[in-house]
Amino acid sequence: MKIHQIHDFDLNDESDFIRTQQSLIHKINLSPVIHPDSVNTCAGVDLAYWEQDGEPYGVCSIIVIDADTKEVIEKVHSMGKISVPYVSGFLAFRELPLIIEAAEKLEAEPDVFLFDGNGYLHYNHMGVATHAAFFLGKPTIGIAKTYLKIKGCDFEMPENEVGAYTDILIDGEVYGRALRTRRDVKPIFLSCGHNIDLESSYQITMKMINRDSRLPIPVRLADLETHVLRTFYRKNHV
């Protein structure tokens, strides 16, 4: 898959991160470039981390499925040492090198990418799902398992029905949705990434839900795969 190299990762402090984010924020597109009914393939993206000899390592898994049959079409991964320092609010900078490396291995070009993480629902609207979209050139959706509290704003719990949701409003702006994908199970937190609107994100996500998990199928598969890969690499000290 072709990757758009919009910036490098020779970034070492918060001022570098802020400058890079600010150069992209005004380019975020919250209008859909594809209709949910036209989505044929969906990719799930997740990462897992561990320490080895005092050094941080990570693995990224991308799993592509057929949107209709839900069968796996392709899966790729990348593994390596994490070189970008962690700074709160700028996690994407640590994750993107591995995401890009894995995506470059894809033979398929998924119609949409679903990330285990936030997109527009972020302090600067630049969660990993949004930031990664500029490299991938595809619509992206953020799927977070836990709520990122911004400016002290809580979310309203959706009704206990599959598909129920409440919009997350912060200073009068919709950042995302708290979405119930299974009864009697905690909601997930949905947000646009880039080149997609919230309603399309919702429709695509709900089409990817089954009875096995509250997470969309490709995200759940990527999550499971990263745990398997992390165990393998930790055990074999690769």
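Every residue, even glycine, has its Cβ placed from backbone N, Cα and C.
Annotation comment: Swiss-Prot describes ASP46, ASP116 as Mg(2+) binding site, evidence class sequence analysis. Mapped onto three states, the DSSP output places ASP46 (Mg(2+) binding site) in strand.
Cβ neighbours of TYR86 (site 'Interaction with target DNA') (same chain, under 8 Å, six or more residues apart in sequence): ARG94. Sequence annotations record features per position, and here Swiss-Prot assigns site 'Interaction with target DNA' to TYR86.
Neighbour list (ASP116 (Mg(2+) binding site), Cβ cut-off 8 Å, at least 6 residues apart, same chain): GLY44, VAL45, ASP46, LEU47, ILE143, ALA144, LYS145, LEU215, VAL219, ALA222, ASP223. A 10 Å cutoff on Cβ-Cβ distances gives ASP46 (Mg(2+) binding site) a total of 28 other Cβ atoms nearby, all chains included. DSSP gives ASP116 (Mg(2+) binding site) a strand state.
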